[in-house]
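Asker: Okay, these came from TrEMBL:
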{"type": "TRANSMEM", "residues": "42-67", "note": "transmembrane segment"}
{"type": "TRANSMEM", "residues": "87-111", "note": "transmembrane segment"}
{"type": "TRANSMEM", "residues": "132-154", "note": "transmembrane segment"}
{"type": "TRANSMEM", "residues": "160-178", "note": "transmembrane segment"}
{"type": "TRANSMEM", "residues": "247-271", "note": "transmembrane segment"}
{"type": "TRANSMEM", "residues": "291-319", "note": "transmembrane segment"}
{"type": "TRANSMEM", "residues": "340-361", "note": "transmembrane segment"}
{"type": "TRANSMEM", "residues": "367-390", "note": "transmembrane segment"}
Amino acid sequence: MLCRHCDLVQEITTLQAGEEACCSRCNHTLDARHVQPILRPVLYAATALFMLLLANLFPFVSMFVAGDRHQMSFFDTSSVLFQQHHQWLALLIWLLIQAIPAFCMMAIIYLKLGMLYKLPFRVWVARVLYMLKPWSMVDIFLMGLIISFVKLVADAEISLGASFWAFCIFCLLHLRVFQVIDQRELWSKISPAPSLSLNTTVGMGGLEQGLKLCQVCTGMVLLQHKNCTRCHSTVYPRQRGSIQNTIALLVAAIILYIPANLLPIMITVSFGDRIESTIISGLIIMWQDGAYPVAIIILIASVIVPVAKILVLLWLCYLTRISKAGRQRYSTQVYRVVDWIGRWSMVDVLVVAIMAALVRFDLLMTVYPGVGVIVFAAVVILTMLAALSFDPRLLWDARPVYEGKASDR
Ligand SMILES: [Zn+2]
Ligand SMILES: [Zn+2]
């Protein structure tokens, strides 16, 4: 098989349940076999869906301020934004915490049961599942909830409803279900990997042997073939225009990061007073209030991570252009960290959505989202897309032969 991150051809023996195979060069997980590969994911995903249903049925969180009580449901995080004419933000939040996670769970049940009953459209469902997986942000929403509670607990009393606990269980099961499925195993059960009429040499790069990897289904495809025979997607030796796209998305993110910091992300109206807070001013207020852990988390998530991610990705783009001096393993690991951590920047956007849904006490205190939050969400989405369009195999190529070659377009 070919490694997705370093393009090395490797041979692995048939794995037993509970075993995992990692790339000998870059340490990327190549393949894994799980115990009870059908029953466990189906049970976890079905229970998760049931918990998501419960999370939408009962009170989520209640807040008491000066004898006044406001109750929020899980769906309010989107619906309140919609009522306040932030339709795009409402749609984004709904997709990130309800629609995409629910789709992923249903897709996993469908694909796993599909193994037994040979259900149709499994190829398309699996393609969409792995495309949407990074955009399912229930874990980040849970972190957003904790931050919001810490912010509010000094001024108000918070009580957690039944739906909150259902959501916590949903969150854990959602994380767990992705741990007990393996992309390669899933695809191998949908249809056998494309067969190759070519002798491959283990321990050499795939490209130099006329092989390319299907990024969608992890199958090996001959260089002269345009499409993967298993998942029908068009396969390119390296991601098309990887460096150009990554840099373009990063430049757009840098440009938007300036208004994201200057515009207010949250507006608090209290007794007719209107306080607009930006990311930085919100941070300073939290620090002055003594909420140090929350201030540090927000500082890391909203300031350090986006800036570091942009700089690191630019540095990685630069590394693909210079001679490699044994730094590939290290730089591939850096890429994996940046790719994983980037989505956590969305936490500030979710905090604003939670605060807007929860803090609604008419004259006393009401929170509204500011324009800055939409711009900041765009920055996070752009940096996530930049990381997805970066092809780490370019770090390993002797020369970036496939970058900017007209025949690949
Ligand atoms: Zn590798
Ligand atoms: Zn494929």
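The backbone N, Cα and C atoms fix where each Cβ goes, glycine too.
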Asker: Is the number of Cβ-Cβ pairs under 8 Å between the transmembrane segment (132-154) and the transmembrane segment (340-361) three or more, considering only pairs separated by 6 or more positions?
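Answerer: Counting Cβ pairs under 8 Å, at least 3, so yes.
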Asker: Residues sitting near the transmembrane segment (87-111): Cβ under 8 Å, six or more positions beyond its termini, same chain?
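Answerer: Residues 41-42, 45-46, 48-49, 52, 56, 74-75, 77-81, 119, 122, 125-126, 128-129, 132-133, 135-138, 140-141, 170, 174, 177-178, 181, 186, 190, 346, 349-350, 353, 369, 373-374, 377.
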Asker: Under 8 Å between C-beta atoms and at least six residues away from its ends: which parts of the chain pack against the transmembrane segment (160-178)?
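Answerer: Cβ under 8 Å, 6 or more out: 41, 44-45, 47-48, 51-52, 54-62, 71, 73-74, 101, 104-105, 108, 133, 136, 138-139, 141-142, 145.
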Asker: Who are the chain neighbours of the transmembrane segment (340-361) in space, where the CB to CB distance is under 8 Å and they lie at least 6 residues beyond its ends?
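Answerer: Residues 61, 63, 65, 68, 70, 72, 76-81, 84, 89, 92-93, 96-97, 134, 137, 140-141, 143-145, 147-148, 151-152, 265-266, 268, 279, 297-298, 301-302, 305-306, 309, 367-370, 373, 376-377, 379-380, 383-384, 387.
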Asker: May I ask you to check whether the transmembrane segment (247-271) and the transmembrane segment (291-319) make contact, with contact taken as at least three Cβ pairs under 8 Å and only pairs 6 or more apart in sequence counted?
Answerer: yes
Asker: Same-chain Cβ contacts of the transmembrane segment (291-319) under 8 Å, 6 or more residues past its ends?
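Answerer: For the transmembrane segment (291-319), the nonlocal Cβ contacts are 143, 147, 150-151, 154, 243, 246-247, 250, 253-254, 257, 279-280, 282-283, 327, 331, 334-335, 338, 341-342, 344-345, 347-348, 351, 376, 379-380, 383, 386-387, 390, 392, 395.
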